[in-house]
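These notes are about the structure you will find just below.
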Amino acid sequence: MIDRTAVIAALDAVVDPKSGQGLVAAGLVQGLTVAEDRAGFVMEVPAGETAIYAPVRDAAEAALKSIPGMARVSVVLTAETAPAAAPRRTAGLSKAATDQGRAKAPVATERPAHVKRVLAVASGKGGVGKSTVAVNLAAALAARGLSVGILDADVYGPSLPTMLGLSGQPDYVDGAIVPHVAHGLKAMSVGLLTKADDAMIWRGPMASQAITQMLTQTRWGTEDAPLDVLVVDLPPGTGDVQLTLIQKTPLDGAVIVSTPQEVALADARRAHTLFQRVNVPTLGLIENMSGDVFGRGGAEAEAARLGVAFLGDLPLDAALRQAGDAGRPLVSAEPDGDVAQRFAAVAARVAASLGL
Ligand SMILES: Nc1ncnc2c1ncn2[C@@H]1O[C@H](COP(=O)(O)OP(=O)(O)OP(=O)(O)O)[C@@H](O)[C@H]1O
């Protein structure tokens, strides 16, 4: 069995000629897969630079092959698609500045049109209720009178179609994807674009391309009626795929969902570090499934340690799960209930942080 740490160490010993950093540190290792006797990843480089990076790919392959027990190695070198038409860009950085950014990791800044704020909902590990929080937070923001969209970027387990009771591929009209509307939310999910079985095959660059497409080609708002906030439900975890996604998505802030246990909190900490690396402000931590089973208060203490806001806690509550399974956020189904009130308080803080 090949050890992932050994693979990362081997790749970091290969130097990116542009930044002088190891390949992993330089952000050039995306979608890394490590199995019993093989390893592979995608090296996505700026358009026009594949020739420079061909020897680097060869060196990376050689480094991987030198790991004992490694039978098969695959390093795919791809070029980023050229930046979109120039008029979209506003205040331009100098070429030296953008190149400097690039050497570390590809940075995309293409904002979705007519969207005022983009908010990420993230978690360091799976199954902590990130999607449940994303959907109910979106509904609570809508209940404040904001126009809200939700983008399910969780390529590994798109749950938005179930949670909002959506099905059917969206229409494509006049060059734009028309989002479904459910419970007052404009919604788009990778689960609506692919067959369920396809979800697992996504790798970093493909996933980020699909998400960029949903982000920028969906008609979230119009000039006359812009969307106030787009909530993006990120895939769980803090690996290469997540890093690529948050580098490529123009985010105005992030909230991190955690359960109260130490293991989950350690992962929440990692998620915060990831956002810091790409200069996206963490607006705060939310504790989910708080209560007797998992304990209480861990996320609040962790938020204090990290120096970020604690946005609120949500109890372990069967009604939250049942509402999600039934395709209706609990915040919409029971707008006067305890859970809706808690989400309203979280939404008030988030809206204030985003200047909405
Ligand atoms: N506070 C809660 N009380 C009870 N059940 C909950 C709560 N939060 C989430 N759940 C349930 O836990 C399960 C996992 O939640 P959810 O899909 O939102 O998590 P996730 O972190 O997005 O998962 P993944 O990482 O797999 O995408 C779901 O069945 C959901 O209904």
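Just so you know, glycine gets a Cβ as well, placed from its N, Cα and C.
Marked as ATP binding site by TrEMBL: Gly124, Lys125, Gly126, Gly127, Val128, Gly129, Lys130, Ser131. The annotation domain 'MIP18 family-like' is assigned in TrEMBL to 5-75. The region 'Disordered' feature in TrEMBL is assigned to 88-109.
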Fewest Cβ neighbours within 10 Å, where candidates are the binding-site residues Gly126, Gly129: Gly126
Collapsed DSSP category at Ser131 (ATP binding site): helix
Gly124, Lys125, Gly126, Gly127, Val128, Gly129, Lys130, Ser131 excluded, remaining Cβ within 8 Å of their centroid (ATP): Ser123, Pro236, Val257, Thr259, Ala264
Residue with minimal Cβ packing [other Cβ atoms within 10 Å] among the binding-site residues Lys125, Lys130: Lys125
Among Gly124, Gly127, which are binding-site residues, the residue with the most C-beta atoms within 10 angstroms of its C-beta: Gly124
Binding-site residues near ligand 1 among Gly124, Lys125, Val128, Lys130 (Cβ under 6 Å): Val128, Lys130
DSSP helix/strand/coil residue counts for the domain 'MIP18 family-like' (5-75): 24 helix, 20 strand, 27 coil
